[in-house]
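Below: the structure, in structure tokens.
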Amino acid sequence: MDDKVDRIFGYQYELGQLYALPLGYFVWDVIVSLRYEGPAFILHGVLGLSANILVYKPFLMFQGLSIVMWELSTPFLNIHWFLDKLGLTGSRIQFVNALCLLLTYVIVRMTFGVYASYELISLLWSPSGQNVSMILKWYYSLGLPVLNMLNYMWFFKMLRAMHKRFFAPAKNKSQ
């Protein structure tokens with residue numbers, strides 16, 4: 001990144017247009033989570049939505065893209081759900097999709113996500129972040145680790161579900 005770019009308060013019109021996509025996604029995610037999901041999904045949606053709104057302040061527009069990348073695993077999760085609805089539960093294509101889901105999840109959420117969170121939080125507490133309000137510093141310093149914990153929790157739930165679906169004895173698959 002260009003050293004002249006303000007990584008905390010910088011703004012770029014084209015990035016603002018790009019952020020409209022995850023912003024719209026998180027609006028939808030919050031609405032769906034409020035209606036059908038539990039507190040963990042609602043928290044994920046609200047944190048994602050608020051972070052995507054804050055880039056228009058502008059705040060962390062250039063750093064936030066690394067956090068948006070966490071959602072690269074989401075298409076595989078949605079495909080997994082659709083394969084269930086199409087009656088392809090436990091099929092070879094669903095197994096391959098599950099492997100892609102787990103691989104992208106480990107890479108973008110559990111590995112890169114932790115690194116990106118550390119980098120962002122470090123930036124906020126560095127001398128460059130001296131003009132950032134304490135509320136925003138603490139919001140990100142607490143919110144990002146919460147999202148990382150949710151990612152780890154969901155990963156182990158996915159592992160259990162996929163083990164049950166693809167590797168459990170045949171009598172358990174019908175239950």
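We count from 1, first residue shown onward.
Note: Cβ is positioned from N, Cα and C throughout, glycine not excepted.
Note: TrEMBL annotation is automatic and uncurated.
Copied over from TrEMBL, here are the features:
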- 1-167: domain 'TLC' (DOMAIN)
- 16-34: transmembrane segment (TRANSMEM)
- 41-59: transmembrane segment (TRANSMEM)
- 65-83: transmembrane segment (TRANSMEM)
- 95-118: transmembrane segment (TRANSMEM)
- 138-156: transmembrane segment (TRANSMEM)
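The stretches the transmembrane segment (41-59) and the transmembrane segment (138-156) are in mutual contact, each linked to the other by at least three Cβ pairs under 8 Å (pairs 6 or more apart in sequence).
If you look at the transmembrane segment (16-34), the same-chain residues 6 or more away from its ends with a CB under 8 A from one of its CBs are 41-42, 44-46, 48-49, 52-53, 55-56, 61, 64-65, 68, 71. In the predicted structure, the domain 'TLC' (1-167) carries a mean pLDDT of 93.
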